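Trainee: Mind having a look at this structure? Questions to follow.
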Amino acid sequence: MRSFFLILFFIAGITVVANAQTADELVKQADLLEKQLKEEEAYQKFKEAIKLNPVHLHALVRCSELASRIGRRQTTKEKQMDFYQAAKIYAERALKVNPKDSEANVVMSLAYARMSLLKSGKEKVEYVREIKNYADKALANNPNNFKALFVIARWHFEVSNLNAVEKAAVKVFYGGLQKNSLDSAIYYYERVKTLSPNFVLNYLELAKAYNRAGKKEKAVEYLNHLLKLPNTAADDPTIKAEARQLLKNWKA
């Protein structure tokens, strides 16, 4: 009888190892799909991996970021918010696995950033605070995390664009706004450019920041540059289409 139970225990151990290996294999497949710009398929693969290993940090992080990306492409605000909330949930689970992980913190920041675009007033101001909070934590653990630096740059850009009501809310609840937010946005976008020279979206946002700062020639230079870059994310063709439209608008 004792031998029988030992055999069962041994088989159970093999099963656990097999499941873990299967989860890792699914993650490898998902990583490959993401490199091939098949983000929806990658998202599903990562979710399958999480079913087998609920604390797989990489899978949780990638699910969160992909949910934020895929949500951006949805046609209604309701569908967008569904994906953004899923991104937040996956980020929360990743942070439970490792609260200090830089990527886990940055995807939480990204989720709040996406949700903030659908909010206004006090709620938007609250989300804006969380965006920077998690991006700062990401940078504390990895000062060269270009995604976190990009979020910080976008944060400064958006703060510079808050309406009067939102600015008033910031002053009341958080003690005011940082000065020269637009200059800070440009500074951080330039840092991202150095760390990730093929990050297409960064050039688009950097061009917008320079244009707002009254440096249209510099803005046009970056738009033309991004059009020559390879596509490394599923949204890049759309980003390039927006860049072409901006070039037409700015020349008009």
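Cβ coordinates are placed from backbone N, Cα and C, and glycine is handled just like the others.
Annotations in TrEMBL come from automatic prediction, not curation.
In case it helps, TrEMBL gives these features for our protein:
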- 23-56: repeat 'TPR' (REPEAT)
- 1-20: signal peptide (SIGNAL)
Trainee: Sort out the residues at least 6 away from either end of the repeat 'TPR' (23-56), same chain, that have Cβ-Cβ distances under 8 Å to it, and list them.
Mentor: 62-63, 66-67, 69-70, 93, 97, 231-234, 236
Trainee: For the repeat 'TPR' (23-56), how many residues does DSSP put in helix, in strand and in coil?
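Mentor: Secondary-structure breakdown of the repeat 'TPR' (23-56): 27 helix, 0 strand, 7 coil.
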Trainee: Along the repeat 'TPR' (23-56), what average pLDDT does this model show?
Mentor: 97
